[in-house]
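Asks: When I checked Swiss-Prot for this same protein, it listed these features:
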- 143-195, Glu217: ATP binding site (BINDING)
- Glu276, Glu289: Mg(2+) binding site (BINDING)
- 113-328: domain 'ATP-grasp' (DOMAIN)
Amino acid sequence: MALKPTMSQLLKNYDLERLAISTVASHTALQILRGAKKYGFRTIAVARGEAVAQFYRQFPFIDEVWVGDFANFRKTAEKLAANNAVFIPHGSYVEYVGWRQALEAPVPTLGCRELLRWEADQFKKMSLLEKAGIPIPRIYKTAEEVEGPVIVKLFGAKGGRGYFVARDRRELAERLKRVTEDYIIQEYLFGVPAYYHYFSSPVYSRLEIFGADIRYESNVDGRTFGWAEPTFVVVGNLPMVLRESLLPTIYTYGVQFLKAVEEAVGCKLAGPFCLESIIKDDMSIVVFEFSGRIVAGTNIYMGYGSPYSVLYFDKPMDMGERIAHEIKEAVKRGKIEHLFT
């Protein structure tokens, strides 16, 4: 990766005793910054406008709240680097600044930054899952190929906005006439949606299953009484504890995904990521999406910890705390460059 030497050199100039953790004031910022403060780091939130900034200023664990320039995020990133800050990406960051700016932002960024480019393209995302040997839904290139119910998804981190389902090729062809953005057509899967939270740890040289959630989507999960068109805009998340017999498969998929990222994308993924799936009634798991960074579903155990974190640390820990723990231990062990790109 072209960016890695630059970020590596930048980190060498950091005062690691005064490290700050920063993120965009949205999505999982409260969880991330609360965890960072609990582990003794300075904290910075970058807000999209003064009204948002005012909300985040009420929290004592956030040391500084800035109003950022998201149209030209490079300036904000340079200011973060000048303040000895590392950056934690999440879905709102990707949506606000776009993957191109995110790739070029001159601030050490947790995880595999190049993976953001792949996340922006639904076809590349599915090809990566396929390379990992993970079961995926059938993908259709045109409406004429469709043989049953499908779901149409727009590119990018949009929280389900603009997604729709169609029962057959005729309905699909009609509805696609109104779509003006890039999209992918996937086989519609029947079963239970489940979103798996993982943490890839360079410090401990292991992959951790950290939690799971179900998304609550409007208005497919709302009170529509059959009067409204199903939509998939995410409004919140519900906790989920998985059948223990499913965990080995879920863990294996995570391992396979990490290997595929390293081989295809060219960098090792450190920190949180998510595989998004349907569990069918025969207990098979089909993965239809991934997020190569922290997901909002981890907010379900903010403050009291993931039910799976006790398996690794013998104490409850939420994902914000887990990120901070990894960074603190990486500083102690001289492995900080393994976390950031």
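Cβ coordinates come from backbone N, Cα and C, glycine included.
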Asks: Non-local Cβ contacts of Glu171 (ATP binding site) (under 8 Å, 6 or more apart, same chain)?
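Replies: Listed in sequence order: nothing, so none.
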Asks: When you measure from the Cβ of Ile185 (ATP binding site), how many other Cβ atoms are you left with inside 10 Å?
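Replies: There are 23 such Cβ atoms around Ile185 (ATP binding site).
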Asks: Determine the Cβ neighbour count for Ala143 (ATP binding site): the number of other Cβ atoms within 10 Å of its Cβ.
Replies: 19
Asks: How many Å separate the Cα atoms of Phe164 (ATP binding site) and Glu289 (Mg(2+) binding site)?
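Replies: So the alpha carbons of Phe164 (ATP binding site) and Glu289 (Mg(2+) binding site) sit roughly 16 Å from each other.
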Asks: Note down the number of other Cβ atoms within 10 Å of the Cβ of Arg178 (ATP binding site), including every protein chain shown.
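Replies: Within a 10 Å radius of the Cβ of Arg178 (ATP binding site) lie 7 other Cβ atoms.
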Asks: Which of Val150, Val192 has the fewest nearby Cβ atoms, counting only those within 10 Å, among these binding-site residues?
Replies: Val192
Asks: Using C-alpha atoms only, work out the spacing between Ala143 (ATP binding site) and Glu276 (Mg(2+) binding site) and round it to an integer in Å.
Replies: 24
Asks: Residues with Cβ closer than 8 Å to the Cβ of Glu276 (Mg(2+) binding site), same chain and 6+ apart in sequence?
Replies: Pro193, Ala194, Tyr195, Tyr196, Val287, Phe288, Glu289, Phe290, Ser291
Asks: Looking only at the domain 'ATP-grasp' (113-328), report the model's average pLDDT.
Replies: 92
Asks: With DSSP assignments reduced to helix, strand and coil, which class does Arg178 (ATP binding site) get?
Replies: coil
